Amino acid sequence: MQSFRKIWNKPRPDDWMPLARFYYADSALNDIASELDSFDGRRDPDRCNALVTRLRVAQDRVLHIITEMLIHLYPREQDRACRDFRVKFPDEILHDTLPGQLWFGAECLSAGSNIIDHETESDLIRPLAKDVTKQLDFLRDLLKNQSLRDPSAYNPVIKENLLKFDKLFAEFEYQYVSAMVPVKSVKEHDSQLDVAVLFSEVLSLALVKDLITQDLIDYCDPSVMIAIPRLGIVWGLLVYSNGALNVDVPAENLSEMFRPFYSLLVKIRNLLRILTPTELTKLETVLCKGESAVPEDTSSTLTMSDFRTNATDEEKAKNNQRVWMCDMPSDSTSSLDSSVQDSSSETTSLASSALASPHSGSEENVSQIENEEGDDEAIGTNSNSSNEVTESPETIEEPDNVDMEESSESEVDTHIDETRNESDDEITDDVQASDVLQVETKKCKSSRLLEQKKFDKSVKTIIPMQTDPRSQIDPKNLRSRFRSSEDLVHRLFVCIAGVADQLQTNYSSEIRKVLKLILQPSEIIPVYEVVNAQVANSQTEGEETGVEAQETLPLPAFMGVRWVPDEDCEQCTACSMPFNFVRRRHHCRNCGRIFCHKCSCNTISIPEHGYDRKVRVCNLCYVHRLNSFGCNEPMSQVNENGATVPSVTEQQSAQTASASS
């Protein structure tokens, strides 16, 4: 009986209904599976790999058609299985071939295979995989039998099994993907949404301040993608301080993207608070432009290039470097020394790589930004214990040490001369910097410790024991660390741009997802509100409530064109040649009218009507669809009564012809 149905009731290959397309997709899948089982894959691995690829493509096509049936039968998302968990998945997981990969994985797990390096997870989800494959095989048999009976109807058994399979497949998708890749937790997802809200507010504020134009957003200019994270750091620390960049809370409460830069963000926030409105505007401008136009004065700064090229001014530069380092706190000096020697520290690696700037003195920029609060942190540390200064061996005043340090000046000069005379290919910049800075640090430490011992005694009576050092920052003291206003703006630009660039590099998928949320928002479906809180009575009034109006909105679906019945047309619509045994009727898939073979010999794909592959269309529709400067509507359509109604283009042409006559 099944064979006779296949012969007489087999759907047409060009039928756009989902059940008809499922029949041919399922038949192709069975053919590939039979061919794959008919030979030994170890003898011909290339052919086996090619067949496996074709099998996964065929499985993916079958699942897409089943999904289309579910959408057609249950248009509302709440009637189908919930898949909101997909927002926790990485972007590289969500693609069109995911259903086919899940089916293939379920087949492998059902056969006894394990996920590589995930044997425990494989044993846990194996029963669910068997249920999915069993339900899918049963559903395929039901759909294939129904496609041979009536491709346009769905009985209650099919509807029930479609929903059952949808729920099983959604549950298997979550467990399988969770076993394969790390999935975000609820807290991490909420933190990512907070960052999206911050960037959205930043984009709106940037439009108000004319830092970003609407044209740049419409054209998706790369400068917008670069400027939004940079401005987000500035305004997230100043304007929206209680949002995603609230550094007053522990680092664990921040987003995963900003957590590695917690200490650096605190220091950037403190520097941003001492900026004047003019300086803040200048900083925002240079962050949007992508480059700092602030000239840097290096007359009092010793850089690495001075050791290599400035032989005549070596002594002067060396003395300036000593004076500058003696003025710095001991914590800052030690941190600067360790930042040159040990590049594995978090903020130092950021300074040496992402915060690198073509401007001279960039090494000093990062070191001073990293240690801008050296005095305050040292104060807070020393105030926690009254005996710390006296007990520490480094803080004991030793005149012999001072004399010894003073007597070593000649050794320092000799060491610098030897370092300068060595070739660049034998001694690197890092070695030169570490040698010089170690000696200079020893010379300045004794004088610094003498001042610190006297200063700690007075600080203990001013700052309480449990006071946070960050709350005692003096704006004047911070500003005095920089040579000028331009120097402060430039150093902030280097650090903020470096953090933003690190976000773009290390968290590219998260940044891309956040930018997609704010630059390509989801379409908002309008909901009609009830006026004056009056609920309509469906029996007496024709007015609908807001929920009813929302449910009756038109839903996107593939709708076919109504065809002209064969008995209503005895001749070709284009050439008016009568149909006979030789000249057969052909329907145009675009307009639904009947033509002969000569007038409908063209084929083209019509995705909006459900035809993904090429189908037959008449010559007129073919020309109109290929003409990019013309309209794509059919020349005429068929109304509900079966009568041919001319299109707008034909009506305008007829009116023009009648007016000219």
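Placement of Cβ uses the backbone N, Cα and C atoms for every residue, glycine included.
Quick look at what Swiss-Prot annotates:
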type	residues	note
REGION	294-432	region 'Disordered'
COMPBIAS	297-310	compositional bias 'Polar residues'
COMPBIAS	330-360	compositional bias 'Low complexity'
COMPBIAS	381-393	compositional bias 'Low complexity'
COMPBIAS	394-411	compositional bias 'Acidic residues'
COMPBIAS	412-422	compositional bias 'Basic and acidic residues'
ZN_FING	566-626	zinc finger
BINDING	C572, C575, C596, C599	Zn(2+) 1 binding site
BINDING	C588, C591, C618, C621	Zn(2+) 2 binding site
COMPBIAS	641-650	compositional bias 'Polar residues'
REGION	641-661	region 'Disordered'
COMPBIAS	651-661	compositional bias 'Low complexity'
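Structure coloured by features recorded in Swiss-Prot.
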residue: C572; record: Zn(2+) 1 binding site; Cβ within 10 Å: 22
residue: C575; record: Zn(2+) 1 binding site; Cβ within 10 Å: 12
residue: C588; record: Zn(2+) 2 binding site; Cβ within 10 Å: 27
residue: C591; record: Zn(2+) 2 binding site; Cβ within 10 Å: 25
residue: C596; record: Zn(2+) 1 binding site; Cβ within 10 Å: 22
residue: C599; record: Zn(2+) 1 binding site; Cβ within 10 Å: 20
residue: C618; record: Zn(2+) 2 binding site; Cβ within 10 Å: 28
residue: C621; record: Zn(2+) 2 binding site; Cβ within 10 Å: 25
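C575 (Zn(2+) 1 binding site) and C618 (Zn(2+) 2 binding site) have their C-alpha atoms 12 Å apart, to the nearest angstrom. Annotated pair C588 (Zn(2+) 2 binding site) and C596 (Zn(2+) 1 binding site), C-alpha to C-alpha distance, rounded: 10 Å. Note on proximity: of the binding-site residues C591, C618, C621, the one nearest C599 (Zn(2+) 1 binding site) is C618, by Cα distance. The separation of C596 (Zn(2+) 1 binding site) from C618 (Zn(2+) 2 binding site), Cα to Cα, is 9 Å. The two recorded residues, C621 (Zn(2+) 2 binding site) and C572 (Zn(2+) 1 binding site), have Cα atoms 15 Å apart. Calculated from their C-alpha atoms, the gap between C591 (Zn(2+) 2 binding site) and C572 (Zn(2+) 1 binding site) amounts to 14 Å. Model confidence over the zinc finger (566-626) is summarised by a mean pLDDT of 86.
Residues C572, C575, C596, C599 make up the record's Zn(2+) 1 site, and a Cβ search at 8 Å around their centroid adds Q571, T573, A574, S576, M577, R583, F595, H597, K598, S600 from the same chain. In the zinc finger (566-626), the DSSP tally of helix, strand and coil residues is 17 helix, 18 strand, 26 coil.
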